[in-house]
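Copied over from TrEMBL, here are the features:
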ACT_SITE  A:100  active site, nucleophile
BINDING   A:99, A:100, A:101, A:102, A:159, A:164, A:165, A:166, A:170  substrate binding site
BINDING   A:239, A:240, A:241, A:242, A:243, A:244  NADP(+) binding site
DOMAIN    A:56-206  domain 'Glutamyl-tRNA reductase N-terminal'
DOMAIN    A:221-356  domain 'Quinate/shikimate 5-dehydrogenase/glutamyl-tRNA reductase'
DOMAIN    A:370-470  domain 'Tetrapyrrole biosynthesis glutamyl-tRNA reductase dimerisation'
SITE      A:149  site 'Important for activity'
């Protein structure tokens, strides 16, 4: 009996459910049509133009060092420039980066061409150079290209030495100055944060900065592969040369041990030794000192070998075969290359080091391809955010979010607590929810669409997006 | 039991894959995964060895199947300890495949029921066998480190740096780790030989009986003693030391397997099949 009763009720219940679903679909369709017409109306009604992102500048590839020196901004000059640009109605936001290899101005402005002209004019006036003298060296990027360029700069893909880490610090300083002077706003803040994030990703996910690309760093990289750590390793510098001195300085920075300096002129040797807080030895003492030291950097102007195979062979027994690393930067060479044949001794001359560098540069370039992919992905993501700052997509996203929540909650309640409602009642509840959503959204929509936004509309749009968590990231 | 053997082999193989992936991709997570899987393999392997020990009351080295399994277990355990001490993570590309191969060969050999001899149940035999195996495992690791040293040294010496240069640690670290392995191995093997002599005297009434195994054990011991002496006295380090570690391990391998299979003698039953 009970079963029969249940069975007889089934078609009626099924019918009611189907009706309720139809009503729901009808309301959804209406809602969607209403949103569509709203969107179209907005398109015609508001021509809310986004700020253009524009980057102009010159770097080591486009301008020679004299021009870069002339155009370069000192800290005080950069502060003054930011102040001046802030006063200009043609520029909304600005960041100025000035290093020895590049001067770049990143701008958010209502009109990119006017902003570029303003910047050029300012450079010309403040540096006292006619625009025609630097115009050819200038590059101007707008939109995606500007974003891509700043990502590349921060990731050190646009540097003279790909992968060098200094540029990121310089860019961070430039941004800090801009925030202190309050010349960056919603757009450039977001762009710069994204830039730092991209640069970090590039550094951690690619091997772009892994390998040494200068003579002294290559020598240190090799030294580490021989000795593990350079800490406490004693160094002998033979002769004086800029590159050798640089290598010693790098070794000291890596906490190498005592420094010995041997020079033909003892006086010059003493001078160098005091520079490195080391000990000067006479040229004749080199062989004896080989028992003590671990790394020998040689760069004399001698025509013949300064250290020969036999000299070294003798001392290896006394050293109990502890490894010796010769870095021969001299041309012609100071160290007999035959020494490399002996056990536990490693001789690298200038060509060998250059080969190491070339190989490392190749590695970096290979890694740069991976970095480009990361950057391209970031450019697309930034553009999506940037476009979302327009009024229409924000309002659309807002409606979708609120309606999505209301719909999900309604469905849950209808299926659980209100499943006994007659179709007419159910329809009434759905209508009420629809009306509530529209009324809740009415004021914010009017505020964003109309003149409620005083000043930069992007600030309010960005706030709205953050408040309702409209961006996925 | 067989399921446990298969499971252990599977874990060792997975660890090998992880370590090789680490060698190529150089992501730290990969070596960590490799190490954890290898440790898991070592745990299951320990259960295997422990069960065999509980069943017979003696150390499970009654046939080649068991002996090889014991070798694999001791090698893996020694690597785990060395890894924790020296953090020479790349050595996993040597140990994990070696443990896998040893276990695969062991599993393919017939599992004869152990003929329990009371002489196996003595504490001194257990101590002698375990300590000798541990020493030999340390020598095996020294060989692995020596191979890595030769790769790295060749890269630096010939100035053709290539694949291994950036993947392998410094020569200094490899040399020191190899030396530590040899010192540990030598100490353990010496202790193992002494306990062996004492036990032989207790059972057969003589310390030394010119058994081929004894002779070759003596040769191996002298080889490593000479290597250590040369290092301490005249600084035999680096390439020479690495080459000698590799040769020493082959001498040891012959002492362990070759002598038993070719010359027989009173250790022959360990490698019966």
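Here, residue 1 is simply the first one shown, and the rest follow in order.
Positions of Cβ are set from backbone N, Cα and C atoms, glycine also.
Positions of the features from TrEMBL, shown on the structure.
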| residue | record | contacts (Cβ under 8 Å, 6+ apart) |
| --- | --- | --- |
| A:99 | substrate binding site | A:166, A:167, A:170 |
| A:100 | active site, nucleophile | A:68, A:72 |
| A:149 | site 'Important for activity' | A:55, A:141, A:158 |
| A:239 | NADP(+) binding site | A:262, A:263, A:264, A:298, A:299, A:300, A:301, A:302, A:306, A:330, A:334 |
| A:240 | NADP(+) binding site | A:263, A:268, A:272, A:299 |
| A:241 | NADP(+) binding site | A:299, A:300, A:329, A:330 |
| A:242 | NADP(+) binding site | none |
| A:243 | NADP(+) binding site | A:215, A:216, A:299, A:329 |
| A:244 | NADP(+) binding site | A:237, A:297, A:298, A:299, A:329 |
Chain-internal residues, separated by at least six, CB under 8 A from residue A:101 (substrate binding site): A:59, A:60, A:68, A:159, A:160
Chain-mates of A:239, A:240, A:241, A:242, A:243, A:244 with C-beta within 8 Å of site centroid, NADP(+): A:237, A:245, A:299, A:329
Residue A:159 (substrate binding site): tally of other CB atoms within 10 A of its CB: 19
Per DSSP, three-state class assigned to residue A:244 (NADP(+) binding site): helix
Listed binding-site residues (A:165, A:170), ranked by Cβ neighbours within 10 Å, top entry: A:170
The domain 'Quinate/shikimate 5-dehydrogenase/glutamyl-tRNA reductase' (A:221-356): DSSP-derived helix, strand, coil residue counts: 58 helix, 27 strand, 51 coil
Output field, substrate shell: CB within 8 Å of site CB centroid, site A:99, A:100, A:101, A:102, A:159, A:164, A:165, A:166, A:170 dropped: A:156, A:160, A:167
Three-class DSSP secondary structure - residue A:170 (substrate binding site): helix
Helix, strand and coil counts within the domain 'Tetrapyrrole biosynthesis glutamyl-tRNA reductase dimerisation' (A:370-470) (DSSP): 83 helix, 0 strand, 18 coil
